[in-house]
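To start, the structure itself, in C-alpha cells.
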Amino acid sequence: MYLAWKEIKHEKLRYGLIIGMILLISYLVYILSGLAFGLAQQNTEAIDSWGAQSVILDKDANTSLQQSMLTKSQTDKMTLTKKESYVGQSAIVAKEAKHAKVSAQFIGLDWDQFIGQKLVLTSGHKPTQANQIVVDDGFKTSNYQLGDKIQFNSNTETYTIVGFTHNAKIDIAPVVYGDLSTWQTLKKLPDTFVASGIISQNAKYQPGVDQLKNYSVAAFINKLPGYSAQNMTFTFMIAFLMIISLVVIAVFLYILTIQKIPNYAVLRAQGVPAKVLVSNTINQALLLVFGGLALGVGLTALTAAALPAGVPIAFNWPILGGVTIGILLTGVIGALIPVKLILKVDPVSVIA
Amino acid sequence: MENKNTIEMHHIDKTFGHDTSKIQVLKDIEFTAQRGEMSLVIGPSGSGKSTFLTIAGGLQTPTAGDVRVEDTPLTAIPVKQRDALRLNKIGFILQAYNLVPFLTVREQFRFVDRIKGATHMTEDELMTLLADLGIQDLITKYPNELSGGQTQRVAIARALYPNPEIVLADEPTAALDSERVTVVGQLLHDLAKKHNKSIIVVTHDMRLKQYADHIYEILDGSMRQAS
Ligand SMILES: Nc1ncnc2c1ncn2[C@@H]1O[C@H](COP(=O)(O)OP(=O)(O)OP(=O)(O)O)[C@@H](O)[C@H]1O
Ligand SMILES: [Mg+2]
C-alpha cells in the first residue's frame, strides 16, 4: 500500500485522470441503469403497490387487462374474498380548462374491496361519491390540484379530484382511480359488464368459470404493452455499456501497469520480492477503482436529487451492487493481466 | 575455520544471442572475493564488467559455471531464495542508479525498512553517511530533481543503508568529481577494513585503484589479476 499510495501522490495528474475516467464510466452506468429501471417501474408501479399475486382475466384477452371483460353472469358464479378486487381499466385523456391535457389510465374500483381500502393517499380523502376521483401525484407536474373538475375524453361529465396518491403508474401513464360505474360509462358498456378483471393477493385464486383464467403477476406484467420489449432493449443496452466500460477500464489499468514495469525492475534488482510488487499493483488498482466508484456514487446521488420529479429514476440495489462489483473486479483483472510481466520482469533490463 | 570467501565464481561463461549473432562476453572466469577486502575490476567499455557483476550478484545466470554467495550455490536455488539473498546480503550500486522515481530520497530508505526490517543502519548512522556523501540536504527531493552526481551518491547510500555483507558497485564514481571520488573510495575502503565487508567495484576509473586490495582486469571476456 505504501508504494501504491506514494506513486499516486507523486503523479497526481495521471492518477487523477484515471480516477476521473472511472468516475465518469460508473456515473454513466449508474445513471443509465437508474433511468431504465425507473422507466420500467412506471409500467408496473400501480400493480406493485396493490401487492397483487395473480390477475383473473378472460382467457381470450391475450393477458391484457384492457382487452378483458368480465360479465355479470360470470361474476355471479364466483365468490370473492377480502383478497380479491375488481378493476376496470380504460385509457383516457384527462382535461381541465386551465391545465394541460394528461394521458392517463383510468382504474375503476369497488372502493369497499382491498385495493380501494388499502390505497394510501398523500393528500385529500378517498371518494365518497361516484363522481369523485383520486389521481397519481404525476398530475401535479401539470399543476392539477385538489378540487379540480376534470373531464375524460369527449364525455361531458365532470369528476372532482378529492385525493392524490403516490407511485401509481401503469403502462407509463399516471393512474386515475374512480368508480367502476365510471369505467362502464367510459367504455359505454351496459350493466351486464362488471369489470376488466380481478386482482387477487392470492396466487392460487381460481375463478371456477371456464372462460376466465388465473395469470401470475409476473406473466401478466410481461404481457403489458411494450414492457418486455422495452426491458429487453434496456437490458441489452446496459449490458453492452457494462462490457465496453469494463474493457475500457481494464485496458487503462493494463497500460498503467505496463508503464510501471521499469520501476518494478529497479525494485526487483534491489531484491524486493515479486509478491510485494503484485500486491502493490492490486492494491493500487483497488484504490483507484474504489475512489472512482465512490465519487461516481456521490455524483449519481446528487444528480438523482437534482432531477425534476417527472424524470423517472429508480435504483435497483442488486443491479447496482452487481455493476459495482463488476467494475472492481475488472479493474483488478486489468491490472493483473500483465502480472506475468511483473513476475518475469528482468532486473538486468534496467542496468544498461 | 570459517570460510572467508563471500563470492566464489568458477568457470563462468556468458554468451548472448544465438547462432550467427552469438557473442561470448565472459570466458572461463575464475573469481573470489573475501570479507574485509575491496576488489576492483577494470576494463574498457563493453568488455563485460556489468555482465560479470550482475552474474556475481545473481541478477542474471551464467551460461555455464558456478556462482556461490556465502556458500549458497546461486544457480541451484529457487528464484525466491535468490531474491531473499539479494535483499539480505547484497547491496547493489547499479550503473543506471536505479532510484524509484516516485519516492523522495528519504522514502527510498524508508521503503527498504518496510520490506527488510531489522538490520539496516540507525538514523544516526544514516545521517552520518548522507553527510559524508554531501547529500544530507536532499532528503525531501525526488530523483528527477537531483543532478547525475547527486543521484549516484543517493544510490550509493541506498545500497549501503541495509548494511549488506557484500557490496557490488558498477561504476559508482562515473558522475563524480575528484573530491567526491576520494570520499566514495575512502568510504568503500573503510567498509571493508572497519566493518569487515566484502566490496567489489567494477570501473574504468583509475582513481579508485589506491583503495583496492586486489585489482583484476577484463579483456576480451577473460579476467586476469592486474598489478
Ligand atoms: N542482454 C544482452 N543481450 C545481448 N548482448 C548484451 C546484453 N547485455 C550485454 N550485452 C553485450 O555484452 C557486452 C558486455 O556488456 P557489459 O554491459 O557487461 O559491458 P561493460 O563492460 O559493463 O561496459 P561499460 O563500461 O560501457 O558499462 C557488450 O558488448 C554488450 O553489447
Ligand atoms: Mg557496464
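Sequential numbering from 1, following the chain as shown.
Including glycine, each Cβ sits where the backbone N, Cα and C put it.
Unlike curated records, TrEMBL annotations are generated automatically.
Features of the protein shown, as given by TrEMBL:
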- A:15-39: transmembrane segment (TRANSMEM)
- A:234-256: transmembrane segment (TRANSMEM)
- A:236-347: domain 'ABC3 transporter permease C-terminal' (DOMAIN)
- A:285-307: transmembrane segment (TRANSMEM)
- A:319-343: transmembrane segment (TRANSMEM)
Chain residues outside the transmembrane segment (A:15-39) and at least six past its termini with a C-beta under 8 angstroms from it: 7-8, 172, 230, 234, 237-238, 241-242, 245, 248-249, 252-253, 256, 288-289, 291-293, 295-297, 299-300, 303-304, 311-316, 319-320, 323-324, 327, 331
Helix, strand and coil totals (DSSP H, G, I; E, B; other) for the domain 'ABC3 transporter permease C-terminal' (A:236-347): 94 helix, 0 strand, 18 coil
PLDDT averaged over every residue in the domain 'ABC3 transporter permease C-terminal' (A:236-347): 86
